[in-house]
Ligand SMILES: CC(=O)SCCNC(=O)CCNC(=O)[C@H](O)C(C)(C)COP(=O)(O)OP(=O)(O)OC[C@H]1O[C@@H](n2cnc3c(N)ncnc32)[C@H](O)[C@@H]1OP(=O)(O)O
Ligand SMILES: N[C@@H](CCO)C(=O)O
């Protein structure tokens, strides 16, 4: 295992880097919230083709106990990373309300692992990584699925000495990854927590994803995916993020928050001359901001790779359909949806619950903002998770 050297892994990738501690921990020493990477070997891919050498980046918190029963895998969403919770003195993580000392996923009791998705740009092998000849994969990076990432993650588990997870949990695409773990490795998942996603990507979810992928592909700087070392497709990636972000938030939230107001002194109606010079509505400025933030931290090819992996999400594929696929799982499931989610509708979590063996309730996260409630309001699940999953 190596401590992550982003310069070697990301090549000339724009954005996508997170400054983290790089000092190697002494063997066996606990070091919370520090990005490391490990090689997991060559990977044959579900859709064909192979990656000759795969590395997965990950962070850990806490310590694996002697009988290996306290390991927890937390799976990030589409543009998420491995930083679920605060490490030693650094910035908070994206599920800070859930993970940490004394929190529902108590890092004094559990050994928590978070891995960057295969195809990503936070340290795992992805399109911006260097191929064996030292050239960024770019357009040659193969199509990977959620299942491919889960199979690579299983090898990471082997290397960490984790035979079975006490729990695998995730929201949105992280939930898809958690569900795939339970279906692919029934013996290795005791609890599976799936938040704000259903059993498969629906036609509408695929449709929204296609628009995002095309926004990037049609950027003149995309160059078929081989843009490293040159201008990058920031306009396309920014447009993709705008499309996505609208779907992450609810219509009432946008309306209440921004209404028809202009941004600051900008007036969207009284344009001075050319239409392109008109002022912006507040909501346009907000989306501009969300787009700018993403293009500064994410690689466009990774966005495509992971989005297409999420389009492939279908736990029943090749397993005789949903019910038969889920009948083979052995995990205890904990499902939750966000009541205002207009991307992964609560009904899709209900459908997943019905297809699972036994009676599985769907917990409801009460949020006004929509899908992103699985990030901002995750604390609402803390009590139920302590009672049902994290009982140590
Ligand atoms: C599970 C995962 O791994 S995902 C990883 C975490 N996800 C991300 O980081 C994705 C990007 N971020 C997000 O999706 C969201 O910010 C969340 C869900 C994390 C948090 O949501 P919220 O707290 O509701 O933040 P919100 O959507 O309101 O955005 C606030 C930002 O918009 C800016 N903003 C608000 N109004 C305007 C406006 N009119 N014009 C310009 N910018 C504006 C704020 O200044 C703030 O900027 P900052 O983030 O740079 O501080
Ligand atoms: N904000 C989340 C939403 C997708 O679930 C992300 O960027 O990954």
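Cβ from N, Cα, C; glycine included.
TrEMBL entries are annotated by machine, without manual review.
Residues 1-30 are the range that TrEMBL records as region 'Disordered', among 1-30, 31-60. Looking only at the recorded positions 341, 372, the densest Cβ neighbourhood within 10 Å occurs at 341. Checked against ligand 1, the recorded positions 241, 341, 371, 372 give 372 in sequence order as having a Cβ less than 6 Å away from one of its atoms. Counting only the Cα atoms, the space from residue 371 (active site) to residue 172 (active site, nucleophile) is about 8 angstrom.
Checked against ligand 2, the recorded positions 172, 241, 341 give 172 in sequence order as having a Cβ less than 6 Å away from one of its atoms.
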